[in-house]
Amino acid sequence: MPQVTFNDVAIDFTHEEWGWLSSAQRDLYKDVMVQNYENLVSVAGLSVTKPYVITLLEDGKEPWMMEKKLSKGMIPDWESRWENKELSTKKDNYDEDSPQTVIIEKVVKQSYEFSNSKKNLEYIEKLEGKHGSQVDHFRPAILTSRESPTADSVYKYNIFRSTFHSKSTLSEPQKISAEGNSHKYDILKKNLPKKSVIKNEKVNGGKKLLNSNKSGAAFSQGKSLTLPQTCNREKIYTCSECGKAFGKQSILNRHWRIHTGEKPYECRECGKTFSHGSSLTRHLISHSGEKPYKCIECGKAFSHVSSLTNHQSTHTGEKPYECMNCGKSFSRVSHLIEHLRIHTQEKLYECRICGKAFIHRSSLIHHQKIHTGEKPYECRECGKAFCCSSHLTRHQRIHTMEKQYECNKCLKVFSSLSFLVQHQSIHTEEKPFECQKCRKSFNQLESLNMHLRNHIRLKPYECSICGKAFSHRSSLLQHHRIHTGEKPYECIKCGKTFSCSSNLTVHQRIHTGEKPYKCNECGKAFSKGSNLTAHQRVHNGEKPNSVVSVEKPLDYMNHYTCEKSYRRETV
């Protein structure tokens, strides 16, 4: 059965609500929240990410949250159940809308799941000895019931009223034994399925009172009370797609959107859609430009508290979550879980159009843009559009010539981290990926996969203009520039343009005089790897390949596919 998450039992206060609590109530709140988190960790282990409110409590900071205004359509399901509630104690003269009443109802609702485990009930009993009657703010009454209600039943929880309310007389049948009990509480009920029988016990000199064996609440009426059984609440709504279970139909419906891809919440500013109202609320902050969360180390501000938490790990450098397979460490447990899929090759996200599966959901979203042709990210310099923001960022470095990733071995710089990682394999000469057909080794799995297409002659990428097919998508893009005449790569020294970035890199060595390819036999250096390969044949005793002579000699022979130029023909 799926476990209760910390968010299911978490209690949030605004700054104003936090100010209403006394110091004793605040201490009690901190104890309960920390114990909630420790209980979840003891059961789930690494699968529980430390919430931000726990971090604040451990640092001795106040855990109040900023108020968020939700539109009417975004109000969570539980809030609508609490609206227009009809209290059975309307004759009471205490203030229904007092701050204390609002806080207690809020705490009781959100501590509902917390109070249902035996371990947590024992912890509450310990707190009673420490904090006395204040503990009742954090525990709903739990009464014994013979039958569990259906999940569709709408019911209210017992609300404990503390002594700071004005005293009043409760109407029947809700009189409470006043002997040794300064707390009054109401039983709120609505549309309950069936009646449950409460144990009758003799108390106060033979007078029969209804007594709950869980909460100890006593009543003066000997009638059976209609209450839900909260101790054994089951998650009876199961997702037919992944098997995950939920306690409410509304939560299952919200979860189902993950599989269907339904996104009913649309941003009016940019048209972006979301599957949850909370995600839309979070997104709207990006348009307002508001960044209320500021890093105390460097002063950088963020629009979301989770972004600030992630950023702060860059200052501490703490990476407590280590992969048992490769030893790689991570600052967040979610990153570790995502990384583990690389070892297990688990691919949860499948494209419904072509059936291709991916390890990460972001990879699936990126892939689906190939089918839709969507390219929302446009370069302001040249107008070229991209399907991913990362591709646009990488492209813009062509115009700025920005290269920020430097190799610590040879001090060579690269415009992207992936290029640096690929380059560093030259120094290590490690090639762990071997082709089973020709025994050729590669330093990257992607390179091996690309090489395997040469054996099976797979060419899935076809030019729509001339019909020529290619093994790799990058080769098709490069070929397509022959038809369009596009040459986006320009040399900042002489202004010459090229269709491929590699051709620009080779050309720039003319200006810099760089010759990175050195012969191990004689020490001669070359600007191109192909020139080094041709030179090494001299040492090996090989004869260079001869080229059939043409009738009319040419000063320049330009090949239309690769743009390589030749000053003379080889005889």
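Using N, Cα and C of the backbone, Cβ positions are placed for all residues, glycine too.
For the residues Lys126, Lys190, Lys223, Lys235, the entry in Swiss-Prot flags SUMO2 cross-link at a single position: Lys126. Looking at Lys30, Lys109, Lys214, Lys493, Swiss-Prot tags one of them with SUMO2 cross-link, and that residue is Lys109.
Looking at 37-59, 405-427, the stretch flagged in Swiss-Prot as zinc finger turns out to be 405-427.
Swiss-Prot tags one of the stretches 139-161, 461-483 as zinc finger, and that stretch is 461-483.
Annotated by Swiss-Prot as zinc finger, the relevant range among 7-29, 237-259 is 237-259.
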